[in-house]
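Asker: So TrEMBL has the following annotated:
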BINDING   13, 14, 15, 16, 43, 44, 45, 97  NADP(+) binding site
BINDING   281, 292  Zn(2+) binding site
DOMAIN    7-124  domain 'Gfo/Idh/MocA-like oxidoreductase N-terminal'
DOMAIN    132-244  domain 'Biliverdin reductase catalytic'
């Protein structure tokens, strides 16, 4: 019996795209990734070849019957349009988060994938880190009283990466995955154009009406860092638990998960839970953006 192979193409060769090309050319032995065969990559810049991978045109990628799946690693702003093209061409899609910069687009694309019977997989490597897996174990079964997740990082070009609630959706994903569904109670944003500084502060409530705060702060020279302060009835957690190094890279773990979906090895329950989480986070990102962009209420 010939094992099923899926021809793939990588679209966009930034950091993630290059990691994708590398991982596809060196799959983990006897992992689901061995069922993926890299056909080539698409880029606006001209490279010729990267390692053994050859550059092909977008048109080629869309029309070639030997290409079954696309890995989309372009800038956030173009995710929506690129996903749409590949789904319309009847290809499976893996896309780096966020899948789109509006909730409406995300829901439409998901529906389109379902209608066409194609896998639409959104990369969430932030859930695959050892640091996060340990944190999740630590939090499990505890009663939250209140909590804060504070992210700092360098400046992003918002025209390309989207509003901070979307570009920073990895943090929102953590909170939803750790504490269940959340409701936005308020959100504000401070910007200092001259200093290239931005700070978004979001207040949530859990289903049990407990307060959670998410701060996304970016400015020149700010270190990429996450700080937590989660208080439970049993005490507070202010540092990440010690975590071992993983032997398997994050993009490779994600690629294995995508390949498992293509092979039909992921349960309906898992797929449904993941779909709920992804679309819920995008819905919340949009609510946050609307709160932040509301004109200031003026009381006379």
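Indices start at 1 and increase along the chain as displayed.
Using N, Cα and C of the backbone, Cβ positions are placed for all residues, glycine too.
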Asker: Fewest other CB within 10 angstroms, which one of the binding-site residues 13, 15, 16, 281, 292?
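Answerer: If we count Cβ atoms within 10 Å for the binding-site residues 13, 15, 16, 281, 292, the smallest count is at 15.
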Asker: Could you measure between residue 43 (NADP(+) binding site) and residue 281 (Zn(2+) binding site) for me? Cα positions, answer in whole angstrom.
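Answerer: Residue 43 (NADP(+) binding site) and residue 281 (Zn(2+) binding site) have their Cα atoms 29 Å apart.
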Asker: Between residue 15 (NADP(+) binding site) and residue 281 (Zn(2+) binding site), how many Å separate their Cα atoms?
Answerer: 24
Asker: Summarise the domain 'Biliverdin reductase catalytic' (132-244) by DSSP state, stating how many residues are helix, strand and coil.
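Answerer: Tallied per class, the domain 'Biliverdin reductase catalytic' (132-244) gives 30 helix, 50 strand, 33 coil.
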Asker: Counting only residues 6+ apart in the same chain, whose Cβ is under 8 Å from the Cβ of residue 14 (NADP(+) binding site)?
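Answerer: Non-local contacts for residue 14 (NADP(+) binding site): 73, 74, 75.
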Asker: For the domain 'Gfo/Idh/MocA-like oxidoreductase N-terminal' (7-124), what's the model's average pLDDT?
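Answerer: The answer is 96, the mean pLDDT of the model over that range.
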Asker: For residue 97 (NADP(+) binding site), just count the other CB atoms lying within 10 A of its CB, please.
Answerer: 20
